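Please read the structure below before turning to the comments.
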Amino acid sequence: MENFGVSELLNYEGIPVNSISENVEETGAFIAIDKPYRWSSTDVVRKVKVLMRQYYGLKKLKVGHSGTLDPLATGVLIICLGRKATRMVDELQSHRKTYVTEVQFGATTASFDLEKEVDQEYPWEHITKEMVEEVLQGFIGEQDQIPPIYSAKSVDGQRAYNIARRGDEVELKPCKITIWNARLLSIDLPIAKVELECSKGTYIRSFGRDIGERLGSGSHLISLRRTATGPFIATNCISLEKFEENIAEHRNKGDFPTYKAQ
């Protein structure tokens with residue numbers, strides 16, 4: 001199938017409907033996983049590899065994913081099985097992504113989320129709902145964004161987070177990103193719940209730092225969920241537990257399940 005594309009693996013509801021077959025290394029397949037909390041994206045890839053080897057003997061299966069999610073984030077993570085699917089990683093990563101995050105004003109952390117302890121406190125009582133809504137509009141458009149020092153960005157051949165964890169200074173160059181939508185979903189100060197639609201390479205943790213600064217305070221993320229990657233949406237993803245149950249159920253039947261999360 002020379003024109004094999006993401007759209008061919010979706011039905012009109014945006015649910016991955018392709019079945020895994022014994023020839024998956026050649027044919028390719030996608031699994032829309034709802035990444036669990038405190039799992040890295042690499043952890044999920046490793047788990048899928050183990051399951052496919054354990055239940056179906058696919059020892060040399062190539063497995064990748066559509067874009068890293070922070071360990072403390074949950075939501076849409078597209079797992080690519082086989083050479084044909086993993087060759088499409090760049091296409092998947094180029095899709096717009098949507099996130100829902102909770103930002104807490106009045107304190108910062110070195111990681112811009114809950115991975116690290118609070119390192120400084122700031123006043124937040126002056127912040128109002130109207131101020132947050134106004135500041136959010138200023139985030140819309142193409143812009144330069146400085147990534148978190150606790151990130152996988154490469155600095156002189158080293159991961160930025162490894163340098164930071166040694167206590168050494170990390171200087172990261174700003175990256176071009178685009179935010180198409182920034183919407184306040186709810187607010188109960190000092191916490192605001194925000195939805196963002198953004199481009200590849202956007203660090204929501206950096207947004208969590210920047211919004212506090214623009215409001216004359218400090219801030220960090222206390223939750224983060226990727227709700228969509230292009231046509232893949234979180235409500236149509238399957239949990240790792242359900243994925244394993246499906247594989248176990250079909251193990252003795254000699255067939256391969258279609259993964260359609262309910």
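Placed from the backbone N, Cα and C atoms, the Cβ positions cover glycine too.
Summarising the annotation, TrEMBL assigns active site, nucleophile to D70. Taken from TrEMBL, the feature domain 'Pseudouridine synthase II N-terminal' covers 58-204. The domain 'tRNA pseudouridylate synthase B C-terminal' annotation in TrEMBL covers 205-252.
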Cβ-Cβ distance under 8 Å, sequence separation of 6 or more, same chain as the residue listed as 'active site, nucleophile'; the residues meeting this, in order, are D113, R205, L224
Reduced to three DSSP states, the domain 'Pseudouridine synthase II N-terminal' (58-204) has 26 helix, 58 strand, 63 coil
The predicted model's mean pLDDT over the domain 'tRNA pseudouridylate synthase B C-terminal' (205-252) is 91
Reduced to three DSSP states, the domain 'tRNA pseudouridylate synthase B C-terminal' (205-252) has 24 helix, 14 strand, 10 coil
